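Note sheet for the following structure.
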Amino acid sequence: MELNNSEYSIQGVPVTDIANQFQTPVYVYDADKIVSQINLLRDSFNGVNLRIKYAMKSLSNLSILKLIKEHGVDLDAVSIQEVQLGLKAGFPAERILFTPNSVSFEEIQEAVSLGVVINIDNIAILEQFGDTFQGTVPCAIRINPHITAGGNAKIQVGHIGSKFGVSIFQMSHVKKVVESHGINVVGLHMHSGSDILDSEVFLMAANVMFDCAKDFPNLQFIDLGSGFKVAYKEDDIVTNIPELGKKMSAAFQEFCKNYGRDLELWFEPGKFLVSESGHLLTTVNVIKHSPAAVFVGVNSGLNHLIRPMMYDAFHNIINISNSSAPKRVYDVVGYICETDTFGYDRKLNEVRVGDILSLENAGAYSYSMSSNYNSRFRPAEVLVFNGKPHLIRERETLEDLTRGQVDIFANTPILQEEVSTED
Ligand SMILES: *Cc1c(COP(=O)(O)O)cnc(C)c1O
């Protein structure tokens with residue numbers, strides 16, 4: 001989003017025009033930002049065979065998936081439904097990595113039948129996989145390197161108490177299972193968590209993986225997951241991608257030399273690719289003065305963007321409608337009947353009823369985590385592509401809220417007439 005002559009715009013389209021055309025609340029994504037993030041990642045790695053597997057759980061609209069596909073990016077799916085969505089978006093099965101946790105073996109079999117790359121994250125499933133497919137179906141193994149990283153406890157997934165991956169300390173057991181079943185392990189995978197700042201942490205984890213790789217002679221790739229941190233506010237420290245790329249490329253080249261073959265290096269960014277592209281536009285319904293604060297109540301809430309409440313995530317808030325006014329301090333809250341504060345003590349250009357507020361970094365884990373709580377409709381989604389806003393998902397309607405419900409009382413009265421039992 002750019003500010004010129006007190007007007008905010010995306011690819012030259014005034015943001016207030018987008019709000020008028022599509023109404024609020026609405027999610028707006030900037031395709032150029034997504035593409036520039038893809039290019040930044042790709043350009044930072046040199047002399048290695050890099051594959052990017054977009055973590056589609058962060059934002060899974062079909063138009064976004066197709067945009068990403070056209071730029072040579074593959075998918076990381078965490079459920080069979082995500083796999084099906086990916087296929088629907090036109091990704092060939094072999095470009096989809098399936099990384100589930102705690103799913104049934106039936107779901108894994110279904111993924112195998114669809115032809116996607118399977119990533120296995122526990123020994124019991126690995127044994128079952130070996131029994132069933134006898135080495136005819138290749139797979140990857142998700143390893144937990146036990147490196148504690150990530151912005152907060154809920155998004156740390158590599159630590160010792162994490163449910164994810166096979167512990168690095170169980171690798172000799174894994175090796176026995178693999179050898180006795182003749183399992184064809186073509187990839188090693190890790191994902192240590194979101195919001196890792198330090199490229200040294202990545203390198204440390206990578207070295208753990210490189211070490212493991214010695215025991216697996218058929219590898220085609222090493223997947224280092226994700227966790228790239230992006231800016232949520234001005235002056236935020238972010239993962240230095242060019243620096244990481246430079247150091248990691250060198251380390252990976254060295255690893256390949258020792259391994260004896262050139263492997264592919266995979267990453268699975270979600271947040272990094274789409275977070276900053278997204279803006280949730282809301283309209284101010286109410287301004288309420290309380291003894292402690294001035295509340296700005298908008299026509300959205302934790303049903304549309306739950307990250308501030310669930311993770312204490314900071315989402316920058318901008319008053320799109322009054323950019324040259326002096327700043328005042330507000331608490332921005334939602335309209336849900338539960339405390340849903342988007343931001344405390346935020347300095348915004350003076351807010352008036354009817355103004356459009358934009359919640360920033362609303363690309364990743366925003367729409368995809370939305371709900372119908374309070375029986376509210378999910379918002380529309382708009383993609384600004386080639387200088388034009390396009391509707392990529394309609395706002396929900398009452399029909400969406402009742403779809404699938406079975407009204408057992410439609411034709412039957414709830415209170416039956418009491419039948420007389422006198423005889
Ligand atoms: C969620 C997830 C990612 C993406 O994490 P980001 O922080 O959004 O980049 C990557 N890999 C796996 C296995 C995940 O579960």
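Placement of Cβ uses the backbone N, Cα and C atoms for every residue, glycine included.
Listed by TrEMBL as binding substrate are ARG307, TYR311, GLU338; the candidate from TYR330, TYR344, TYR365 that the record includes in that site is TYR365. Here the Cβ of TYR365 (pyridoxal 5'-phosphate binding site) has 26 other Cβ atoms within 10 Å, regardless of which shown protein chain they belong to. Closest in space to ARG307 (substrate binding site), of the recorded positions given as GLY227, CYS337, TYR365, is TYR365, taking the CA atom of each residue. Cα proximity to TYR365 (pyridoxal 5'-phosphate binding site) (within 10 Å) is found for the following recorded positions from LYS57, TYR311, CYS337, GLU338: LYS57. In this structure the alpha carbons, written CA, of CYS337 (active site, proton donor) and TYR311 (substrate binding site) are 19 Å apart. The candidate set comprises the recorded positions LYS57, GLY227, ARG307, CYS337, GLU338. Of these, GLY227 has the most other Cβ atoms within 10 Å.
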